Structure formats: C-alpha cells, structure tokens
Amino acid sequence: MDIITQLQEQLSEIAMVAVNTFGTLQRDAPPDRLSSSYPDPLNPNPKPEEDAKPQVPAQPGAAPAQVQPPPAPPQPPALDLAEHPKAMSHALVLAAKRFDALVAALPLSSEEDQLKRIQELQAENEIVGLELQKQLEAAELELKQVEVLFNEATDNGINLKKPD
Amino acid sequence: MATSAYPPPPPYYRLYKDYEQDPSSAPEPPPPIDGNYKVFGVEREINEVLPSLESRQLYPKGPNIDFKKQLRTLNRELQLHILELADILVERPSQYARRVEDISLIFQNLNHLLKSLRPHQARATLIHMLESQIQRRKQAIEDIKQRREEAQKLLGESLLVLDGSQTN
C-alpha cells in the first residue's frame, strides 16, 4: 500500500482506538456515590436494600480515577478496571507513534523539483527513443540483407548440386 | 435511466461477433470524455480539485506547507485533545460536546492535509514510470546492439569458411 493510504489507515486506527477506549470505560464503569446521604452502591450493606443503588447517568472515565476497591464483589472486574485503561492508552500511544514514524518516512520534495525532474526525464526519454528507433531500423535492414544473401546462397546451392 | 437491482450487461458484445476474422468490423473504443460526466446519477467533473477547509483550517495557509511538521503538530494536538476529553468526562461530563467537535475538526484537518498530498504522489508515480521506461529502452538498445554484433561476427566467420573452401 502506498504511504499516503497507510497514513490514512493509521489515522482511522487512532480514531478507532480512542473511541473504543472511551466506549469501554463508559460501559464498564461502576456506579459512583452521589452523596454521603445515599448508601454506597459499591459497598452492599449486610441488610440488602433494593433501592440502595443510585445509578449516576453517564459516569465514564471515573473508573481509573476511583480508588474504591469493593470488598465483596468478584475479582475479575477489579483487575479489568485497572488493566483496561492502561492497555488501551498504551495502544493509543502506539498508534500515534506509528503515525509519526510514517510521517517521517514520507519522501517529500517540492513541486518545482518534481516538475524539473519530469522535464529532464522526458527529454532523456526522447533521446533514448530516437536511438532505439535507429538501432531497430539498422537491425531490420541487416536482417533483410542477410535474408537476401541466404536466399541467393540456397539457390546457388540447389543449382550447383549434381543431379543424381 | 434504467434502475433495476441487477441490470443485465450492456448489449455491445454483439457488435464484436466477427472480431477474430475482421478486427475492423467492430467499433473502436469510445474516446476519453471531455467535460462533465454522470456516474450513478451523480455528476462529476474531470479535473476534480479538493475543496478547501476555509474557516476550519487549523494549519497556516500559504504556498509552501511543511507537511511533515504540520502533520506531526496536528497529531500532538489530537493526543492532547483526547486527554482533555478524558478529563472533561471525569469532572464535567455534560460538556463533552465541544471537545468532541474539536477532535473531529482536527481529524478533518489531518485528512485534508493527506488528501492534498495526492497530486505530489501522482507526480512521483509519473517520474517513476518515466525512469523505468528509460531503463527498459536502454536495455533494449543494448540487446539489439549485442545481437547485431553477434550476427556480424557469424557472417564474417562464415565468409572465411566459404573463402577457405573456395580456394581449395
């Protein structure tokens, strides 16, 4: 793939990683405590209360900022909450670095340089084309001469052959 | 304009029935189009230019844009804005819209820069094609010269052989 397409693909990858990061964090974020008058949703009380989990709307990105290790809930969510942002931000920075590397690999030159080079190449192409044509014509001429000589030689050969 | 879901192929193939026997009986290929043309109901021009970003352009305008520097600067800005968005979502989640708009603006600028590099790429491709054509032609010239020399040598040798056998 040419480098500009690679750059464009890398750009979409950065966008995708960013969007996935925020989406995953928002989806997996645990509910946040609104105020001390409400019971803590992360800390379920000994006496079960059905209405004790105030769901805060759109509380994303708070997962990495919150340091409330839930005592009872199972282990995997706690690990995910810490690992996910790290892994995803790692991916984001990696994608951005790759973009920079691709930018550094761009073979850029000014427009005048390119146009000058094109004109030079066109002139050289003309010259080489003329030379090629000359050689071709000379070679075809020689081929015809050789054919004529060959025909003569074979005719003489046939004429000189002693009839049996 | 026929708009069926699976249109049949165009009926021009019938005109080429006798192409094997008589290549001139079939019509010539159509000439290149000049001016505007229609594709799938959309009208386009032949020399399409990239529409400019106008007021939404973040990088400085001017005749010579340092593409690499601008691309790198915009990349850094993008990262900063993503970080800002994360912060905003933590502290003031309801104000995400402005940040998201900024990020999409940066993406638009980046894509515009990349698209404006395409003419440069086209010229570079042209240069490459000319170079390879010159290379091929030079190679052909060398080949022809070599063959001619070989043929001359063979002729000379055969002449010697004939002369030798004649004087015998």
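For all residues, glycine too, the Cβ spot is worked out from N, Cα and C.
According to TrEMBL, the protein carries these features:
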- B:1-12: compositional bias 'Pro residues' (COMPBIAS)
- B:1-34: region 'Disordered' (REGION)
- B:127-157: coiled coil (COILED)
With DSSP as the yardstick, break the region 'Disordered' (B:1-34) down into helix, strand and coil residue counts.
9 helix, 0 strand, 25 coil
Mean pLDDT, the coiled coil (B:127-157)?
93
